[in-house]
Amino acid sequence: MILASVLGSGPRGGPPLRPLLGPALSLRARSTSATDTHHVEMARERSKTVTSFYNQSAIDVAAEKPSVRLTPTMMLYSGRSQDGSHLLKSARYLQQELPVRIAHRIKGFRSLPFIIGCNPTILHVHELYIRAFQKLTDFPPIKDQADEARYCQLVRQLLDDHKDVVTLLAEGLRESRKYIEDEKLVRYFLDKTLTSRLGIRMLATHHLALHEDKPDFVGIICTRLSPKKIIEKWVDFARRLCEHKYGNAPRVRINGHVAARFPFIPMPLDYILPELLKNAMRATMESHLDTPYNVPDVVITIANNDIDLVIRISDRGGGIAHKDLDRVMDYHFTTAEASTQDPRISPLFGHLDLHSGGQSGPMHGFGFGLPTSRAYAEYLGGSLRLQSLQGIGTDVYLRLRHIDGREESFRI
């Protein structure tokens, strides 16, 4: 019946579901030949994806292969070559690895309960993955730099195509929320899908960045990352959002190992830090609505050692109610009013675009911010923990393993 949905007719002859790729295609005559050609091309593209529902053998074979995860150290010390051979090696690794990882996620979409998998928005994301698999597997073997350059164009296109996947998944699950009976199954699906997406984007962006000659960077790895500087960048961003919504924002004090520098990948911090800072600022402002221009500071402490980096964010936002404490790290698919839920659970700052530059798309709303940050931290060999002092405030502990520390690093 999923196939019937893709083809445009509902189950058992019911009303047609919204097609996966936006407006329904119509092959009726158009007033101009250009319009006709456009729609024929769209129909042809869509037919390829539909055909894949019949012929899944390539996806099935790829899904049975294990992914080959790299440590950041491997990526950092793979070296540069004058003849560009490091780029060919990196591209060939991606050409082998990306289809396998995408096939794993397609298998994950198939495992969803039928009624959820039929949701048009979820189907749209499912199709994005199938289309990506087809484009990647159709690409010929990379033999020279010209092939590698064309492969980079494909990778950029796919990164752009998938930039809104987090928001789409949240919307689709919100639309299907009344059909969700096993929340553990959905949480497992989301954890795997979102962390796999992070890994794929990190690997793909790393390869593209290898073409750049940026000081203190090898690909996406910063060789001298300053936690203080990246925190300050996102503090400024979160304060602007907070001022836009509330007319004011808490001051932020940073202490601890403020001079620390070490090799690290900024990208996961660029996903996680805005969420944690927005949470702290919103909780602070919401709990001081009577005195919005006299609010307590948010305090951030950096602790660096030879195994991991710990960032503690402490707010005086009243803490988390006992009834909400056990579920703040769960994915929530409702949009309840802030007056009836802890600010960390309800959508954060409405639906503003929270990531300038569009690097990751908005990771907000629908109660996805904290659980997604938790999943990312765990994927990177770390953790995200909350300690609530009800009536006072909340301490959030973000722990991330070093890529060149005394213990084995995480794998991407």
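Every residue, even glycine, has its Cβ placed from backbone N, Cα and C.
Here Swiss-Prot flags 1-30 as transit peptide, drawing on similarity to another entry. The phosphoserine annotation in Swiss-Prot covers Ser31, Ser52, Ser356, Ser360 and rests on similarity to another entry. What Swiss-Prot records for 159-404 is domain 'Histidine kinase', and it gives sequence analysis as the kind of evidence. According to Swiss-Prot, the N6-acetyllysine annotation covers Lys192, Lys233. Feature annotation from Swiss-Prot assigns Mg(2+) binding site to Asn279. Positions annotated as ATP binding site by Swiss-Prot: Asn279, Asp315, Thr334, Thr335, His364, Gly367, Leu370. Swiss-Prot lists Val328, Asp330, Phe333, Gly367 with the feature K(+) binding site.
Checking Cα-Cα distances from Asp315 (ATP binding site) against the recorded positions (Lys192, Lys233, Asn279, Val328, Asp330) with a 10 Å cut-off leaves Asn279, in sequence order. In sequence order, the recorded positions near Asp330 (K(+) binding site) (Cα within 10 Å of its Cα) are Gly367, Leu370, drawn from Lys192, Lys233, Gly367, Leu370.
The distance from the Cα of Val328 (K(+) binding site) to the Cα of Lys233 (N6-acetyllysine) comes to 26 Å.
Closest in space to Gly367 (ATP binding site), of the recorded positions given as Lys192, Lys233, Asn279, is Asn279, taking the CA atom of each residue. Closest to Asn279 (Mg(2+) binding site) by Cα-Cα distance, out of the recorded positions Lys192, Lys233, Leu370, is Leu370. Between the CA atoms of Leu370 (ATP binding site) and Lys192 (N6-acetyllysine) there is a gap of 16 Å. Under 8 Å, Cβ to Cβ, and six or more positions away along its own chain, Lys192 (N6-acetyllysine) finds His104, Arg105, Gly108.
When secondary structure is read from DSSP and collapsed to three states, Asp315 (ATP binding site) falls in the strand class. Model confidence over the domain 'Histidine kinase' (159-404) is summarised by a mean pLDDT of 88.
According to DSSP, Gly367 (ATP binding site) is assigned to coil rather than to any helix or strand. Counting neighbouring Cβ atoms within 10 Å of each of the recorded positions (Lys233, Val328, Leu370), the lowest count belongs to Lys233.
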